[in-house]
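A short write-up of the structure that comes next.
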Amino acid sequence: MAVDVGHVASQLVSTDRTREPGFDRFSFVPFLRKSYGFGLVTDVPVCKAYSEGHCPLGPACPDRHPTPSRVTTSTTTASGLAPSTTHGSLVCKHFLKGLCKKGMKCEYLHEYNLRRMPECQSFSRSGYCPNGDDCLYQHVREQARLPPCEHYDQGFCPLGPLCAKRHVRRRLCPYYVAGFCPEGPNCANAHPRWSENLPKPTIRVEKTEEELEHERNLIREEQEREREREREWRNERGRGGFGMRGRYRGRGRG
């Protein structure tokens, strides 16, 4: 059977946008957007009419209709508390498991966005996560969470590698050190601010291997208790559903 090599090659190098893979190509995304008003984050702009209070197009609107938890103009949340900049930028961990009871009133995001996942509590406490690379949450290294050292930023820290703060290597701008840099804030080099009242540097305290192993055991026990609670919750749901069907089935026979 003859094969048109030119036709096959043209299909492989085709620039058709519909052939490109992407998260917005999932079949369940239209259902999420139409039924619940949330879905995957895209570059679609927010609907101006919806932001002002009402959009006549409803779910058929081509623009985004963010949930109330993502609207930053409100002064209070559903719980009556002041809005949190952290809550409005993190994905709800219960939503990912299908167990969020707050629904549209949840203070966290109900969407699938790996870049907005909350920080893994297990990894943040001991640097260990039993899920490893399969964990859906962010693994932030302890060194990245440390504040920068003011002494090091000004040129020298007497504690060196023992300092409890982060030493970020930056190249000082020679023009700024001399007195004036024509690039100003757009300069690619560092422009340190010289402060007269710097806090004294402190020595970093490292945990022993026994302390780390104890924290890992506590994390494993906590995760096992959480799995047990989820199993009990699902079993109760299942028993309740079968009970309802059993009652209706019994009435029909009588």
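Positions of Cβ are set from backbone N, Cα and C atoms, glycine also.
Database features, via Swiss-Prot:
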COMPBIAS  68-84  compositional bias 'Low complexity'
COMPBIAS  207-239  compositional bias 'Basic and acidic residues'
REGION    65-84  region 'Disordered'
REGION    207-254  region 'Disordered'
ZN_FING   42-68  zinc finger
ZN_FING   91-113  zinc finger
ZN_FING   114-142  zinc finger
ZN_FING   143-167  zinc finger
ZN_FING   168-194  zinc finger
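Outside the zinc finger (143-167), and at least 6 residues removed from its termini, the chain residues within Cβ reach (under 8 Å) are 124, 190, 192, 194-195, 198-199, 201-205.
The average per-residue pLDDT of the prediction over the zinc finger (42-68) is 71, rounded to a whole number.
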